[in-house]
Amino acid sequence: MQKNNKQNSEQGFKHWFIKKWSTEPIFSTGIALIVMIILQTWSLGFDYDSFGSWFFTWTNNWINILRNNAGVGLIALGMSFVIMSAGIDLSVGSTMVAVGAALMMLIDRGPNGILINLGIEGIPAILIAILVSLAFGYFLGNLNGILITRGGIPPFVVTLATMKLYRSVTQHFMQGYNPRVPLEFLPISNFQIGRFRMMPIIYWLLIAAVLYFMSKRTTFGRQIIAVGSNERSANLSGVNVKKVKRRVYAITGLLVSFAAIIQVSRIGSMDYANAGSGYEMEAIAAAVVGGTSMSGGRGTVIGTLLGVLIIAVMNNLLNLLGVPPFLREAFKGLILIGAVLMQKKQKTV
Amino acid sequence: MKIEIKNIDKAFGAIEAVKDVSFSVSGGEVCALIGENGAGKSTLMNILGGVLPADRGEILIDGQQVNFQKPADSLNAGIAFIHQELNLINDLPIYENMFIGRELKKKGRILDLEKMIARTKEVFDQMEIDLDPKTMVRDLDTSYKQIVEISRAIMMDASIIIMDEPTTSLTDQEIERVFEMMKTLKKQNVGIVFISHKLNEVIEFCDRYSVLRNGELVAEGMVSEVNVDQLARAMVGHELRTESLQRKTESGREVLRAENLSYNNDFKNISFSVHQGEILGVTGLLGDGRQELFQAIFGSGQIEAGELYLNDQQVEIKNTTDALQKGIGYLPRDRKENGIIKDMDIFENASIVTWPLFDNFGIIDREKQEQEFKEQVERLRIKMGAKNDSINSLSGGNQQKIVLAKWLIANPEIFILDNPTQGVDVGAKEDIYDIILELAAEGIAVVILSSEAKEIIRICDRALVMYHGVIQGELSQAEMSEHEIMRLATGASLNSVQEGAEDAEK
């Protein structure tokens, strides 16, 4: 034993590092992120003489990265819970478009605006529109959940179907209709704090904090892990498996509506054909890079946040380094494969 | 061929799993390796199988020292390891499973199916097994799956076969079948290492025995010179109770009553009742429907017809959550598949049932859970490291106790236990019996489903014997015997009990 202890102290740090690296996905993902941030900082060109303006550029760059990814970040959080429950949700992008369209119809200042025709304007209209959008997103997610649990259809198939359904119906109804978003709606995302527009980041992180608490401390949060890890055991432990699954999809729908609200308030419009398309894959990639296991049972909120950041920072870095645009997606693919290979190693250790 | 392992040491961190153990097995002999869960049997065999390296000691084959780096080395040396979790692919036929990874091919890389079938048939003939090589593995029962795996080992010229608790999940007839196979192996000069908890099987079937306790070799010798009691004592290190645990008690009021429950062909016209403080046994052979029946009562399965009464009120149990809220608990069989959740730690596994019972607006009451957990760990004498260690760090017996603990914390009014002592060592088994008796004494209605007649006789106040989905008979404490239970379980009717008695008189 004494010999062992001596060895341990000699290679203490190395040992600790290897152990952490090989057992905790968050640790390795975190290190990868730090390395990228260093590279990114370096490539922004650190200049000691004009520290002030350098710092502003650096911060601004970061605020931009985070703000641009707040929407996908929220969706990725929902996605990671779905994957933790051993499911998948391909419909998130289409749900976002559907909720966005509903939101814009409600707040439209033009002759067809729903709330304005009911005589509701200004702040009350905005509040009502937000609440209705959230409820609508929850409803669409819940619909996925009901088809999966009651209908007994695999999640991949259900959400592939609703992915097509939600977007197609939205596009049909919104043909030739260009709602005008009232100016009072835009500050939701564009309100400036100091010199920075960082509202979406604040929503994202606040919601992440709530979800973190939910995943660690609530019955529902822990039951998600139980259901994803071993559905039979969970069922025989009195967990209402169907209810847990349904609620996971519903909550994802809710998070998607937050993303839709941010999107609409940021730019005041929405492209129904393209907005949110590919978000499902971005979200899955972020969740997986963050250590969520595709077979369910494993994953964390913090891991998913790191996963979103890694992909975002890498995009930014490739941009700064001048990597040709068509090649950038290849790097995303490589990162994804690297992350999964690492997790596979971690599982066997 | 003779394999010797000499003075093996193996430690995991500070825990010495195997201490200075020597062991040997030769062709044509069956050597039993017995010990409680966590005694070091698996570690020792993993070293022999090339899965783990030894810290110290040597392995000799026919006197030559060998060095196993990986499982393939050991396999090439002629040692096959049949794990408890079988290593077959359900969706392929037997012959493809026999050749998996080493498929026979014709020119142009086309599989030579005919040759594989013929070769498989050859091995089966040699082993005196009557099986069609083209059968899908999914259609085989567990004993035949085991036989296929053993045949595969034989085909690869294994001369020593290690079998890790081969009979745990088998019914009596299946066990018989595996034993037949082992006899044939013995005749063909294959050596067998038989790892088991079941001492009767060791006595009946093995030539030599070695007993491990806490990583040390505590006894070895010829099986013909010992009996079950002596082996059991060597395993646990102290005397074991064998007396009947049946109590003479008046049971209380009726808690659960079933009237004519039916579902499909699983169970038909089931009527029975359970009382406060009573231990009701339900037994039968494979396919008797008891698991389906009680899972349906617990809300994890369907009931087509019939009524269920809880405390004289008719109820419908919609799902398992509903059952939990109505005070029904269910300890499932097959701990790995139905009992534990491998991605959660020990503490979470023990509190999953009660999260919704103790939470405040959905937020888990950790303080209360921890307090309850601590009580159960003491009460059930659970041996564990930290409470947030992985559930897989526990031995089988302690895992089972955690599954038991999660239900005890919920304090059910009716507690159904399906094979509660499956794959559990002798010591833990007695602990579990003690808890069951305590629960009954507290007034909980206990239902024990078991395929072991001995277990039913030893602990139950009353027993129902099922056969193909119907209750074939009910036995009181006085009427229970292995003989009677087996008669009913194989479909003989209750009134033949008298005939049996007359036969005995003659």
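Each Cβ is built from the backbone N, Cα and C atoms, and glycine gets one as well.
Marked as transmembrane segment by TrEMBL: A:21-42 (among others).
Long-range Cβ contacts of the transmembrane segment (A:62-83) within its own chain (Cβ-Cβ under 8 Å, at least 6 residues beyond either end) map to 89, 92, 96, 155, 196-198, 200-201, 203-204, 207-208, 211, 215, 224, 228, 248-249, 251-256, 258-259, 262-263, 279-280, 282-284, 286-288, 290, 292-294, 296, 299-301, 303-305, 307-309, 312-313, 316. Per TrEMBL, the feature transmembrane segment maps to A:62-83 (among others).
Under 8 Å from some Cβ of the transmembrane segment (A:90-107) lie the Cβ atoms of residues 71, 75, 78-79, 113-115, 125-126, 128-130, 132-133, 136-137, 140-141, 144, 156, 159-160, 162-167, 169-170, 173-174, 177, 179, 181-182, 185, 252-253, 256-257, 259-261, 263-264, 269-270, 272, 275-280, 283, all in the same chain and six or more residues away from its ends. Under the heading transmembrane segment, TrEMBL lists A:90-107 (among others).
Residues or ranges marked as transmembrane segment by TrEMBL: A:113-140 (among others).
Taken from TrEMBL, the feature transmembrane segment covers A:147-166 (among others).
With a cut-off of 8 Å between Cβ atoms, the residues of this chain six or more beyond the transmembrane segment (A:196-214) that come close are 59-60, 63, 66-67, 70-71, 73-74, 77, 81, 187-190, 220-221, 255, 258, 262, 266, 301-302, 305. Feature annotation from TrEMBL assigns transmembrane segment to A:196-214 (among others).
The transmembrane segment annotation in TrEMBL covers A:248-268 (among others).
For the transmembrane segment (A:301-322), same-chain residues at least 6 beyond its ends with a Cβ under 8 Å from one of its own Cβ atoms are 25-26, 29-30, 32-33, 36-37, 39-40, 43-44, 61, 65-66, 68-69, 72-73, 76-77, 79-80, 208, 211-212, 215, 282, 285-292, 328, 331-332, 335, 339. The transmembrane segment feature in TrEMBL is assigned to A:301-322 (among others).
The list of residues near the transmembrane segment (A:147-166) in space but at least 6 beyond its ends in sequence, with Cβ under 8 angstroms from a Cβ of it, reads 82, 87-91, 93-95, 97-98, 140, 241-243, 245-246, 249, 280.
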